[in-house]
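The structure appears below as structure tokens.
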């Protein structure tokens, strides 16, 4: 199945590589696009949640959680459209908070771990996570750009892997159906 559709993997890989290049070369465009996609999603999801709430109310079911969620989603979507920079900052600060909390938890776990089990590596990872989180709070715009570069690097590697896979599969496209899964 995969071998016969090798070109689908190639297209996915090319799209990922193109996205990766855009993210690396034009991080501002990438960040703006992601915020607008988030805004569109929140607006659509908000409308659907409100529709679900109205439908639940007509059936005399619990409706208010859906309406509340829908209103919150709509507000988040509108804020993302009106204030995209604030939305980016919120995402970055959320990522920074996660990194700090995660780092503290890693250090706490490292204190209990035996040295032979990698205590220092876990503690080091926790420290790096805390430093990264603090940097995101101190320089959020630069942090957003760096996060976009990481996303771009990931997309390049992922896309490259899919392209290599596609051409490996292409060489097997005429084999009997189960041959690709069985052989190396």
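A Cβ is built for glycine as well, from the same backbone N, Cα and C atoms used for every other residue.
So that you can see what the record holds, here are the features copied from TrEMBL:
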type: TRANSMEM; residues: 7-28; note: transmembrane segment
type: TRANSMEM; residues: 34-54; note: transmembrane segment
type: TRANSMEM; residues: 66-85; note: transmembrane segment
type: TRANSMEM; residues: 91-113; note: transmembrane segment
type: TRANSMEM; residues: 120-141; note: transmembrane segment
type: TRANSMEM; residues: 147-167; note: transmembrane segment
Cβ under 8 Å, sequence separation of at least 6 from the ends of the transmembrane segment (7-28): give me the contacting residues as numbers and ranges.
144-145, 148-149, 151-167, 169-170
Could you name the stretch, out of 66-85, 91-113, 120-141, 147-167, with the greatest number of CB pairs under 8 A to the transmembrane segment (34-54)?
66-85
Against the transmembrane segment (120-141), which of these stretches has the most C-beta pairs under 8 Å: 66-85, 91-113, 147-167?
91-113
